[in-house]
Every structure is written in structure tokens, then in C-alpha cells.
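Quick look at what Swiss-Prot annotates:
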type	residues	note
ACT_SITE	Ser901	active site
ACT_SITE	Lys944	active site
BINDING	Gly468, Pro469, Pro470, Gly471, Val472, Gly473, Lys474, Thr475	ATP binding site
DOMAIN	102-313	domain 'Lon N-terminal'
DOMAIN	811-995	domain 'Lon proteolytic'
Amino acid sequence: MLRAAAAAAAVFPSRFAAAPAVAAVEEVRSPLLRVLGALRGGRVSTLGRRARFCSNSAGSDSEAAAAEAKAEDAVAAEGEADGKASSAIVPTVLRPEDCLSVIALPLPHRPLFPGFYMPIYVKDQKLLQALVENRKRSIPYAGAFLVKDEEGTDPNIVTSSDSDKSIDDLKGKELLQRLNEVGTLAQITSIQGDQVVLLGHRRLKITEMVQEDPLTVKVDHLKEKPYDKDDDVIKATSFEVISTLREVLKASSLWKDHVQTYTQHMGDFNYPRLADFGAAISGANKFLCQEVLEELDVYKRLKLTLELVKKEMEISKLQQSIAKAIEEKISGDQRRYLLNEQLKAIKKELGLETDDKTALSAKFRERIEAKKEKCPAHVLQVIEEELTKLQLLEASSSEFNVTRNYLDWLTVLPWGNYSDENFDVHHAQQILDEDHYGLSDVKERILEFIAVGKLRGTSQGKIICLSGPPGVGKTSIGRSIARALNRKFYRFSVGGLADVAEIKGHRRTYVGAMPGKMVQCLKSVGTANPLVLIDEIDKLGRGHSGDPASALLELLDPEQNVNFLDHYLDVPIDLSKVLFVCTANVIEMIPNPLLDRMEIIAIAGYITDEKMHIARDYLEKNTREACGIKPEQAEVTDAALLALIESYCREAGVRNLQKQIEKIYRKIALQLVRQGVSNEPTQEAAIVTASEEPNGGDSANKLKDETMEDPATENAAMTNADTASKEASELDLLKRTVDHDVHPAETPKEAVLTDSALSTDKLCTPEGNKDMEGAKEESADKAVEKVVIDSSNLGDYVGKPVFQAERIYEQTPVGVVMGLAWTAMGGSTLYIETTKVEEGDGKGALVLTGQLGDVMKESAQIAHTVGRAILLDKEPENLFFANSKVHLHVPAGSTPKDGPSAGCTMITSMLSLAMGKPVKKDLAMTGEVTLTGRILPIGGVKEKTIAARRSAVKTIVFPAANKRDFDELAPNVKEGLEVHFVDTYNEIFDIAFQSETQTETS
């Protein structure tokens, strides 16, 4: 019997330990235990910790008895715990073999075999209450008996659930007559509501009825008939059962875990348990299973079980044949599909194709066929599913249009299509320099990107953020970068964007749903590696539709945008090859998580020299051509451009400068038109061109084509075009002169007609050529004079100067010091003025004006305190601050001012007033000061340096911590300046009042 127990453990390895054997039965998924899977998560497993597999009465060895005793002790302990909460207290647990009278439970579907769990639902509340009471009284047993079919019904025909309802209504003898006599002693392991979980122990047989409601019967415990475990016939039969189960396993994966576990230990088994196991997991008829349960002869029981598993084998073979037939049918369908495709092609060639759905499907398949090798597998799967769905939908349904639009977007995207990048660093440098002057930091970063791509052989997407004032070229540099890299360019502005769907797309459930901007970008450019410019990222909105800044986190994260998910497409898109360039004016407005994903490149404002280059080489030239004015007709001198920059356009960028230049050339164009100048080619010029070159039109086209094909000939072509235009203008002027001299009294219409004929005759004769040359010489004296714009007449075209000279004093008086400020318009000078209001013992005070912010007011208070300490150290006998009320003012009172960088300037102004000494001439300073006199770093070094140069300042004082920022400036910015870098205010005092300094001249 030790071998029998081991075999049972092999068959039910978890049954002998605890309830996890329910998982094995669940894997079997036999009809008997289909409902049991719902209990695996909690209810059965908790009960299984104390429920034990009950041995059959035939197994009388000590180990089986010990297992039963342990189970009974566990049940007794539970009953004792439950009994404390009730009035009935039973000190011991009834053993299974002592159960001679049990409550009868009807089983409608399958019999319960010993060693298996089964959940049933008890609808009779009285019966359910009796089971609960028995369990509390430590009698957790009941008899489970299979219900017979009604007389006159075929057991092989499935009926409705009405019979089940009638069983619940039966009581007493009526119910007893419907039950099979042989059943199973079941332990009640769990009661949850009306669900009762039973564990089979041993076979029972009803002898008589004890009670009608609930039905209670007397039972006899059945034992297997004695058998010889070494009998060859029994062994052979059991081996055949195991072999059949193995074949079932090969044919079907059903019950895989259970059969493998059992057959691994085929030498250690218990024949009765093997028979019960095979019958229990089979899907046989319930009455055949009942026959196995009733059979006490082990050999006969094995034979019955063998018949059942053989039937399962036949079912598996039938399943295989069905699967094979289906596969053959699918192959036939594929053949039919190929023939249909050929038929469609023939119809298409003959013009007989009229099915819109078929045409749409063909169009989508044709699109994706070219991208099939590069398109991800999951996208192809979605497309195939949607195409199948499209064929099943009616063309008039709304879902048809949704599916069609979805397929249109899916198939049009450039899956795996990348444009060939240009990794030529010199070519990129040339393009960037052609389009933009300056911006060395941006150009250097792009060249680094190209260099890395050249070494790797491929490039990865990056996220770059260009920050700077308006008009410095942040947006336009994006196009130049795309041209230098040979990438497609796409720009979309997110300024004021408050809807997440603009980035991530709409769900397809919404009417009029559209993909997000990134998907639209890929469709527009046709490549998967464009350069995307996200403009004004610092001005993202936030509304009820979500936070777009948070939606951009996934888009602008190189680790996440490999699988960017658009709500509309709902399939991952690879954006790892996209180069993102963002622009912002104030990076402090960008959320920190988003800012962390970007590489910041700060673009400072342009200095005067840079603006001059940009105006002369780009703005003035392009504006003149856009207005149709030739270089010989108008000129804007360098002096005019310099005055325009200094007095009208002091902002950091050049956008306003471009507007002013456009304004100048518009007025020049109006002036030229009023003088009768026209640059349009005349009819006579066309006649001359045609007479000189017979194939004039073809030559022009040829010249154009050659210019497009060979960039080296572009300048020559432009020169030829300018020459032709100039000759046409001179010819037009000649015509007007001849008209005026020859036909002064004719009406305009007659004059034009006569002149046209006359001019044509003259042009066709040698005499005409001589007259034309003479007319040219005569018209040269009468030609319109060239319009020249210089600083003297600039006001006639752009109005009065907007900015006056920032420098008010050649030599600052006592109490006045020049500071340096930094605004959105760039750098500027800022005077700090201090004067004494009132004097008297103990009247020391400070008054502030000039629309100062809180930070600047606090800085003034600190300056007042530090100034008193400095004065006490330098001139102990001077009691100015103790006895004087001081008024500090910052001019331009209508302009709000704030910031700590004027601290050292305020101290110097107060000390100048206190000592009665003016500061050094041509001196400007900036720096935040602490109460201990330390000078802290400031921002905007370049802008402040430019402002100082504009005001003819010779000496500048900067904090020592800003030396690195100053060293990075261009040489032309630092040229001619005496710069001091200080750590404490005492150094500034020596520079401002004693001129004993250690300087650094740049």
C-alpha cells in the first residue's frame, strides 16, 4: 500500500498535500469540473489547506489511516473553532467510516469520484441550513448521489434546465426514487452563499430513508473486492489505460499536465485510483461514469475506464480529422482567392471592375505592398484585419467611412522610408553660413551632429531647444539645418495649444477624429526621418482638454518615442530618427520635466556689427529684389543702416530692422513710379530679343534648365537676366523720349499706335539703330537720378528716431553712476542718481523712486547698509549716512525695473554723494552685492557689453564669476574695452574713486 499511496501522490501530487490539486483538475477542464476554475483564486484554496484526500476503505494500511486521521483532526479543530460561536459544541470530529446516516445531495450532471473536488449549488435553503449546522457540529459529511433521468427520456439528448428545477422541488421519497443508490461520501470543505464545495472520500450505498426534509438516508460503506495486485491481466489493463492516455496527450494538449504527472510514475500506482482518475477526467456520459463508480471489481472498473479513454482517443482522432479538413478548406480558399485576384486583374484590364470596396482594398494593398518589407509586422496585421473588416461592411454605413479613413492613414505613412542624409561637414557649413550670419553655437552643434552621423554611418534623432529673444533667427535656422542635412522640414507651432489631441490625436470613436500633428507630419513629408521644428514651446497652453506639455514628454524622449502611440492610429510609430528642434523665448516657462529632455542652445541678441552684416548681405538685398528695384536705381548707405540700427532698431533680433528696411524700399518704389520708371519688359524689347536670337524662347528655357542643374552657372544666369532687363528699361525710356519729341500734339492712343509702327520700322532698319543709339545718348541726360539714402535723409523715409542717445553725461556728476541692464530688447545703460534731501542729526533715511521692483528695492536697502560700512571704513569722520536723508532715483520712471544686478552701482552712487567725488569718466558697472560686500555673478554679459560699447564706455566692472562668460565673447565685442573683474566692493571703490586698479584689457 506504500506503493499505492505513492502512486496516488503521483496522480494527485497536490491532492495529498492540499487543495492546489484543484488547479490540476482545472487544467483538465473536464465537464465535471468546468465550474471549479472560478474557485481557484480564493475559496477552494483556503479550504484546501485543511482538507485531505480520504483513502478508500479498501486501503487499510497504517499510512492511509494516518492520513485520514490527520484530515479528521483538522476538521475537528475547525469545528471546535466554529462551535465557540454557536450553542452546539461537539468535542470530536466524526470519522468518515462512522458516518452511517448522511444528508443526501443530488448531483445533476456527473458523479463525484473519491479524491476529487466538486462545487454544487444548493437552492433549497432548508437543506443548505442543515449542511451549515452539521458542519458547525463537526459533522462535515454528506452523501453525493447522481440524479437519474426521468422515465421515458433519452439520456443522450440534452434537455433544458427545467428538469434541474424539478429536482430542487422534489422532497422525501420522490427525491429518493430519482437518486442512484450508489454515491460518494463527500466532505463539505466550503460553504459560500449557496455554493457548496465537496471532496469525495469513499463509495456509499443507500439502504433506507431516515428523514424526508432534508432527505437523510442510512448508508453502507462499499469496499473494492479483493484483487491480486500482481495479476497480469489487471496490470495489462492498467498499462493500456496509461498508454491510451499518452496517445490522447499526443493527439491533443488537453489534460497535458495531469497525464504527464501520472505517467511519469507508472510503476507506483493504485489500480482503483487509476480507474477513478481516467473516468473522472474523461468527457464521457454521466451514466457511464456512474457505472465506473458503482463497479467494485477492480478489473471490471479498469475495463470500463479503458473504454472511456478509448472513446476519448477516438474523439481526439476525430478532432484531428476535422482540423485537417479545415486546413484543406483553407488551402482551397487560398486557391480560390488567387483565382479571384486573377479575375479582378482581368476585369481591371477590361474595365469591368465596378466594386468600390474591392477597388479601395486594392488601392490600400497596392500602397502597403511597396512598404511591406520595411513595415512592422504588427502594423501589417492591423492593416489585414481592417481590410477584412472593410469587405464585411456596407458602403453606406458610418463604420465603413471610419475604417476607410483609418486604412488611408495607415497605408500612406512612410513606414521605414528614410531620406538619404548628407554627412558632408563642409557642405553643411557652407549652407549654414549662406543663410545665417553668426549663430556659431547652433552651427557648431549641427556640425557635431553631422560628424557623429558620418562616423556611425547613420544618425539618431535628437531634441535641441534654441532659446533667445524674438527675431534672432531661431525659426529660420531650422530650415537651414534641414537643407544642410538633406532632410525634409516640417514646422508646427504649439503657442497657445491647449488640446492634447493636437499632439496625440483623437480616438476613432469621435466624429471627425484626426491623427495628431506628428502623424500628419509624417504623411506630409513622406519620410520617417524629417526635421520637425516645434515653435514657441514655452507658450504651451493648458485647458480642460489636458496638458500638452505632459503629452510632449513621450514625444520628446529618445527612450520613449521609439514606440510613440497616437490615439487615432493606436499602433506604435518609430520616431527615434526624427530630429526635433524646439524654439523658446524664455526657457523658465518650460516645465522642468520637458526641459530636461532637451539640449538647450542659448542664442544671444545681435550686436551692431552683426546687424550691419545681416542688413547688408541679407535683408537689404532681399528686400530690394522683392520690391523690384535695381541696384543702380537706389542705394542705402552704411551710415543710414548704422543710424537705423542705433536709433530705430535696438532690439536683440533683426525682425524690426527688416520692417524698417522694407519701409524704406516701399517709399523708394513709390518715388520711382511717380517719376515714370518702369522695370517691366516692353513689347519692343521682346522684338529685339527675338530678332537677335531666332530660338529665343528655347534658349531661355535651356538657360534656366542649365542653371537649375549646375549651381555654378547661377551667377552668370542672374547677370544675363539683369543685363536683359536693363536693356529693356533703356529701350522703354527711349520709346517715351521719341514719343514726346516726334508727336507732341497727338492724343495718347494715337501716339502709342503711331509710335509703335514707327519704332518697329526703325528697329528693322540700320537708320533705326542709329536713331536708337542717339536717343539713348539723349535720354541719359534725362534719366531718373539714383535714390541715395544716408543718415541725413533717413528720417524722411522712416520718421523720427525711436531711441535717443543713452548717454546723458560726458562726465557723470556727483551722486550719478552708469549701470548696465538687460531686457528682452537686449542690453542698455541705466543711470543711478542719488541726492541729499534733508540733513540733521539722526535723520539718516533712504527714499526710492523710479518704479522699482521688490528685488531692486531690497538691493537698494542692502546698498545703503553696505555704503555706510564702506564710508565708515574709508572716512570714519564722515557721518553723512547717519545725518542725511538720501533720495535714490532710476530714470525712465515709466519703465518697470527689477533685479539685483544694480547693487554695486547703487553703493557707488551713494558713496559718490557722501564723499562729494564724481566717479571715473566712461565707467559702467554691474553686479549683485551682499551685506558683507561680496560681488555675485549676473546674467546678460554679452548684452550689457554691447550696451556699454554703444554708449562709448571705456571701462566696465563685472563680477569675477562672469569672467568665463566674457572670455567667450567675440573679439570684436571685447575690442577696446578696459574690463575689471572683482570679488568685493572694495575693489570697485578703488576703480571708481582712486583710479589705482589692476585691469584686464581686451
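Cβ from N, Cα, C; glycine included.
Location within the structure of each feature annotated in Swiss-Prot.
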| residue | record | DSSP class |
| --- | --- | --- |
| Gly468 | ATP binding site | coil |
| Gly473 | ATP binding site | coil |
| Ser901 | active site | coil |
| Lys944 | active site | helix |
Quiz item: Quick one: Cα separation, Gly471 (ATP binding site) versus Lys944 (active site), in Å?
Solution: 19
Quiz prompt | C-beta crowding around Gly473 (ATP binding site), within 10 angstroms | solution = 24
Exercise. Write out the long-range same-chain contacts of Ser901 (active site), meaning residues 6 or more apart in sequence whose Cβ is under 8 Å from its Cβ.
Key: Gly819, Leu820, Ala821, Trp822, Thr926, Gly927, Glu928, Ile938, Gly939
Quiz item: Can you tell me how far the Cα of Val472 (ATP binding site) sits from the Cα of Lys944 (active site), in Å?
Solution: 17
Exercise. Which residue among the binding-site residues Gly468, Pro469, Pro470, Gly471 has the fewest other Cβ atoms within 10 Å of its Cβ, if you could check?
Key: Pro470
Exercise. Can you check which residues sit near Lys474 (ATP binding site), meaning Cβ under 8 Å from its Cβ, same chain, 6 or more apart in sequence, and list them in order?
Key: Leu466, Ser467, Gly468, Thr583, Ile603
Quiz item: Long-range same-chain neighbours of Thr475 (ATP binding site), Cβ under 8 Å, sequence gap at least 6?
Solution: Arg491, Leu533, Asp535, Thr583
Quiz item: If you measure Lys944 (active site) to Pro469 (ATP binding site) at Cα, how many Å is it?
Solution: 15
Quiz item: Taking all residues of the domain 'Lon proteolytic' (811-995) together, what is their mean pLDDT?
Solution: 89
